[in-house]
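Below is one structure, written out as structure tokens, with a few remarks after it.
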Amino acid sequence: MQYNEIPIINDNPIPEEDELVRQQLKQLGQPVFINGENDSDRRERLSNLVNGDSSTDPEQGDVDNDDDEDDDNEDDDDVFYTPGPANLYDVRRQILSGSLKLASQRLQRQRHLVKINPELIPFLQNRRDMNSRLSGIELYGSQIVHGNTRAISSVRYSPRGDLIACGTWDGSVHVLNSIELNPTTKLSGGEHTEKVGGVDWKANDSGDVLITGGSEGTINLWNIEESDETIKPNLSIKEAHSSRITKTMFHPVQDYAISTSFDQTWKLWDMNRGTELYQQEGHSREVYSGAIHPDGSLFLSGGLDGVIYVWDLRSGRALMPLQKHTQGIYCLDWSPNGYYFASGSGDCSVKIWDMRKLDHSGDEIFSIPAHTKLISDVRFYGGGDKVKTEGMDLNGSFLVSCSYDGTVKIWSSDNWILVNTLKGHNEKVMSCDIGASTDKEVNIVSSGWDRTVKLWK
């Protein structure tokens, strides 16, 4: 073999995976993310650096390649923030102002409840009565949704509790009445071409609004109203994420919404304009779940990396990572009291966290060995803000979880003990929710791999 025929071996190939590309950029002391840059651009930039053009960077200027300094600053490079549009400052101010008002209203309600009924004994008796009613809940009805061909991935009650939205694995979205589980409003098909992972409601002056997100990357906004005609989305955001969307949820302030995705990011949206306000990275794997604080000030993101991040939406900062689960985080929910939140994981546990007690250790206040398989959904009861005549508030008094083990379970929020186990699904339970209730009735809905929606009372 001639010398010029010897193949050249590349000792430092450019990786195809974006995560490895970012790791190498970090090792070279380069910015991991540049605004407007996609995965291909980032890989090309790394290739240029490796091939000898690494002395300068158009965003950062000269790079000091001192190894010791890079090692010292390695931890500082772990957290970075993505530049947003010019109006993001005003958006954060609106969220700040709105969340302060909602927090003030929540605290006023809590103070009022304590003032009109300060005695502990009636409160405990009320909770015992509630647990007694919960222990008697049983299957009330079951329905296979007409027109659906696959598992029902998500269910959510409307704000008034009279409707139930269902997202399915075949991409269709259905709206049922909450009493007989019959279809009430016909939504146009084909708006999602893959699994609908997240559905959420919001009430406005004209009625109820529904947001849905699909695995094809589209977010749709629907105005739900009584009509014999097929309803089409009044807003559709195509390619909202570069990978499947797992959850979509409304923010309580203004017309903002948040989506989470398998592209390892979550995004804040202005749903009036259908525009992205900013994209947040941080997880090392897919972001599967999220939950917005009742006041709108904080956001929880849960990833398949087993980490929960607490984000401050008023400043954009990551407050803390919580890493006590051993597997991915599949569901999150806030209690209406504003300081408890629950997380469900592939490690079969539901963990309860108290924002008032979280420190750098990031310990939960209670861990429930809830199910024998993956936890698919957790929901606190938040049936409204009405003060009961006897001065008792049931909001946040219990928690419902469901699992791939085929069961739905009810837990008391006083001591996190099991109150009732609901059995009726033949296969995995994919989602659950709690509807607005009266003093004598609690409504729970669940959906499963068996393509049924079940009502429990």
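Backbone N, Cα and C atoms are what each Cβ position is placed from, and that goes for glycine too.
Taken straight from TrEMBL:
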type	residues	note
DOMAIN	16-71	domain 'Pre-mRNA processing factor 4 (PRP4)-like'
REGION	31-77	region 'Disordered'
COMPBIAS	48-58	compositional bias 'Polar residues'
COMPBIAS	59-77	compositional bias 'Acidic residues'
REPEAT	189-232	repeat 'WD'
REPEAT	238-279	repeat 'WD'
REPEAT	280-321	repeat 'WD'
REPEAT	322-356	repeat 'WD'
REPEAT	380-412	repeat 'WD'
REPEAT	422-457	repeat 'WD'
Same-chain residue ranges lying at least 6 outside the repeat 'WD' (280-321) that approach it to Cβ under 8 Å: 19, 33, 79-82, 84, 92, 95-96, 98-100, 102-103, 106, 243, 246-247, 249-253, 258, 260-268, 327-334, 336, 338, 341, 343, 345, 355, 358, 360, 362, 382
Residue distribution over DSSP helix, strand and coil in the repeat 'WD' (322-356): 0 helix, 18 strand, 17 coil
Residue distribution over DSSP helix, strand and coil in the repeat 'WD' (280-321): 0 helix, 23 strand, 19 coil
